[in-house]
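Everything on this sheet refers to the single structure shown next.
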Amino acid sequence: MIIPNFFVDGATGVGKTTFINLLKQHLSYISVITEEVENFTNVQNTGNILERYFSNPPRWALSTNIYITLTHVKSLEITNKSNNKNLTAIIMDRSIYSDYYIHAKMEYRQNQMDLLEYTIYKEFFDYIEKNTIRPTGFIYLKASPELVLQRVHERNRTEERNLQLQYQKIQAFLYDQLFIEKKDIPENIARIPVLILDATKNFKDDIEIQKNYINQVKNFIELCIKNQKLYSST
């Protein structure tokens, strides 16, 4: 049985993992998949792909993007193969769609991947996308580039120490294109519902905001699953 899957997406540092863990505490019928940074800082005991990427993006952009996308696909497949019949939905930190439409595109535009590398990644992505589980819905955490960069500095990861405001501004522009304007994406992806949440609000500590956002996500999941069943039965 394929379990409906939802993806929490947003700029680096916006609070995706914090938000997913909040949902995990309050929605017992979901399974969450967080993006464990250790998967990338110690790749099978061979090295830190994130550190290499941030220190030399043109050299490591293609390798990093391929590995991150592969990790996302494997995590989703493993969870879907579980025998937990009580699961209503899977909620995952970041999707393969932001891997391509945000990060790969951004790196190509900034000359961190050349045309050959970008073409290789796009062919890889297209194959993965055609053979993986289609999202039931997206949850987009939207915040200003300035606030997101501040949060990046506060969490103080060594690999992210050189991130600049311009990097966050480009991410914000591309995320809005993908999830709000739905520009330059295939029609079947544009039709996937998106819940947009204001991530400038303190969902980490404010109880009332937490309740509000949890209810929004709960209602969004229920509506998406209902519509998915109606669509599949017609």
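In case you wondered, yes, glycine gets a Cβ from its N, Cα and C as well.
If you check TrEMBL, you get these features:
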- 7-222: domain 'Deoxynucleoside kinase' (DOMAIN)
- Gly10, Ala11, Thr12, Gly13, Val14, Gly15, Lys16, Thr17, Thr18, Arg151, Val152, His153, Glu154, Arg155: ATP binding site (BINDING)
- Asp93: active site, proton acceptor (ACT_SITE)
Most crowded position, judged by CB atoms within 10 A, among Val14, Val152 as binding-site residues: Val14
For Asp93 (active site, proton acceptor), the number of other Cβ atoms found within 10 Å of its own Cβ: 20
Assigned element (helix, strand, coil) containing Lys16 (ATP binding site), judged by DSSP: helix
Mapped DSSP class for Gly10 (ATP binding site), helix or strand or coil: coil
The residue listed as 'active site, proton acceptor' and Lys16 (ATP binding site), Cα-Cα, nearest whole angstrom: 6
Cα separation, the residue listed as 'active site, proton acceptor' to Val152 (ATP binding site) (Å, whole number): 17
Sparsest-packed of the listed binding-site residues (Gly10, Thr12, Lys16, Thr18, Glu154) - C-beta count within 10 angstroms: Glu154
Reduced DSSP assignment, Asp93 (active site, proton acceptor): strand
